[in-house]
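Below is one structure, written out as structure tokens; the observations come after it.
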Amino acid sequence: MNGTGYLHRPSSVGILACELYIPALYVEQSKLETHENVSKGKNTIGLGQQRMSICSDHEDICSLCLTVLSRLLDETGVHPQQIGRLDVGTETLIDKAKSIKTVLMQLFVDHDNTAVEGVDNVNACYGGTAAIFNAIHWIESSFWDGRYAVVVMGDIAIYPKGNARPTGGAGACALLIGPNAPVVFESGCRATHMAHVYDFYKPNFTSLYPVVDGQLSIQSVISALDTCYTQFCTKSQMNHESHSHTHTTTLTSREVNLSTFAAVLFHTPYCKLAQKSLARLYLNDLIRACPYIPNNISEKYKNFDLRTTINDKELEREMVEQSRELYEQKTLPGLYFAQNMGNMYTPSVYYSLFAFLISQPTEEQLYGRRILLFSYGSGLASSMYSVVCRKVHECRFTLAQLQRSILRAKLRLDHERMEVTPDIMDKILLEREQTQHKVPFTPKQPNEMLKSGDMYLKSIDDSYRRYYDKFVANDNSERDNDNEKNVQELYTKYFQNCQTSDDA
């Protein structure tokens, strides 16, 4: 793949490599419950969340994306000239015209590569999936020039103080896309549902916060799930039958249902919704009387009309209980990052995929296994599709290497983050709200959360132009255990100084 052309159409297009961004600051959801004076378990059990990532003023959406992209290039050894397409998925917009992709181009221009297709993809949490589809379509098209594609997706999810705040979070990832991949997007197996709905939207460009109709949002997710799953099962089975007729070997056609997949993963604004989503697909299988479900169970549901059950909470609780074993096998292993980072918007479903890939004891157990993914973005846009894990031959990118990259991120998540208390979190988010349109602006919060190699926001000038730099820690500033223990003290002192300055 040197950009000089190719002899054959590409096959097995998918994820070759990945890099994940783990924000260094977090708050414990159990402490947030106490801080907000809500019932114990509201966030940890009711939402299924344990910790929530927070970004300092040194971090914005561009710094997150710059960091994961630069790390991806460094870790894989892929030269910027080998990239022919770069798509970005986000809903954390900082400009109504200039795309984040153009900001990322500074990593390519210096290497004399300006021939990089793609721009930003925006539709709530669906933008990352749209970006991946665009990258795949480019590689499979007559316009492909033999080079790799990269998809970068990321968001900083912030809600106002109150009930919605615990559903915030932050994260970003960069995916290298190309042929002969260890994680392949199955061709012909994609279902899409689009509609016009005001369930979650951001019409006020002066505010960080969305307008949310919580009940309508849940109804929209369920409706999209039903529609996509019905369409996907039909398409997937037709694709299987077509495949079996075009090969000399005999493949038995079989119905597609939840038992078909090693994992069933969802867009996860909060983890409890993923469990309810799996339960909803189980109800679909019950109504279809799928073979893996005993007849004496499915008989009760065979005449149900799905459209009339969207608001049936009693039925939902019943399905959650009946599908619990399936959930623990196929969905729960993919929720580790979401439980401990919170809502990431566009990268959400892909962090679930990453978590599942490292949940299996050995890579061999993943080979040939299909994984079902559901991506949802409010407004609304949704797709259901599948990937399959495979053993690649004569390729620099393997499933084991992909897993090692994810495990590095998990190591940062488990051992390198720094906790702040809910009151400090409130002050960090309030300051972000107050300074989001302030120019000129220079971040002043403690920089101990930065790690060597991180790209960070250096300043914004009075023309709103943002400048970034790569953080290089010296012997005195490198994070150590003392810094991690003192981060609360550093932020407390910082905000005390801010208050003193305001009083003066």
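The backbone N, Cα and C atoms fix where each Cβ goes, glycine too.
If you look up TrEMBL, you'll see 9-182 marked as domain 'Hydroxymethylglutaryl-coenzyme A synthase N-terminal'.
Under the heading active site, proton donor/acceptor, TrEMBL lists Glu91 (among others). Around Glu91 (active site, proton donor/acceptor), the C-beta neighbours below 8 angstroms that are at least 6 residues distant in the chain are Val122, Asn123, Ala124, Cys125, Gly127, Asp155, Lys202, Tyr345, Thr346, Gly377.
TrEMBL lists Cys125 with the feature active site, acyl-thioester intermediate. Of all Cβ atoms in the shown protein chains, 31 besides its own fall within 10 Å of the Cβ of Cys125 (active site, acyl-thioester intermediate).
Under 8 Å, Cβ to Cβ, and six or more positions away along its own chain, Ser217 (CoA binding site) finds Asp199, Phe200, Ser378. Residues or ranges marked as CoA binding site in TrEMBL: Asn163, Ser217, Lys272, Lys276.
Residues or ranges marked as domain 'Hydroxymethylglutaryl-coenzyme A synthase C-terminal' in TrEMBL: 183-470.
The active site, proton donor/acceptor annotation in TrEMBL covers His267 (among others). The Cβ neighbour count for His267 (active site, proton donor/acceptor), using a 10 Å radius and every protein chain shown, is 31.
By a simple count of nearby Cβ atoms, those within 10 Å, the most crowded of the binding-site residues Lys272, Lys276 is Lys276.
Confidence over the domain 'Hydroxymethylglutaryl-coenzyme A synthase C-terminal' (183-470), given as mean pLDDT on the 0 to 100 scale, stands at 92. Here His267 (active site, proton donor/acceptor) is positioned 12 angstrom away from Lys276 (CoA binding site), judged by their C-alpha atoms. A gap of 20 Å separates the Cα atoms of Asn163 (CoA binding site) and His267 (active site, proton donor/acceptor). Taking every pair among Asn163, Ser217, Lys272, Lys276, the residues recorded as binding CoA, the greatest CA to CA distance is 20 Å.
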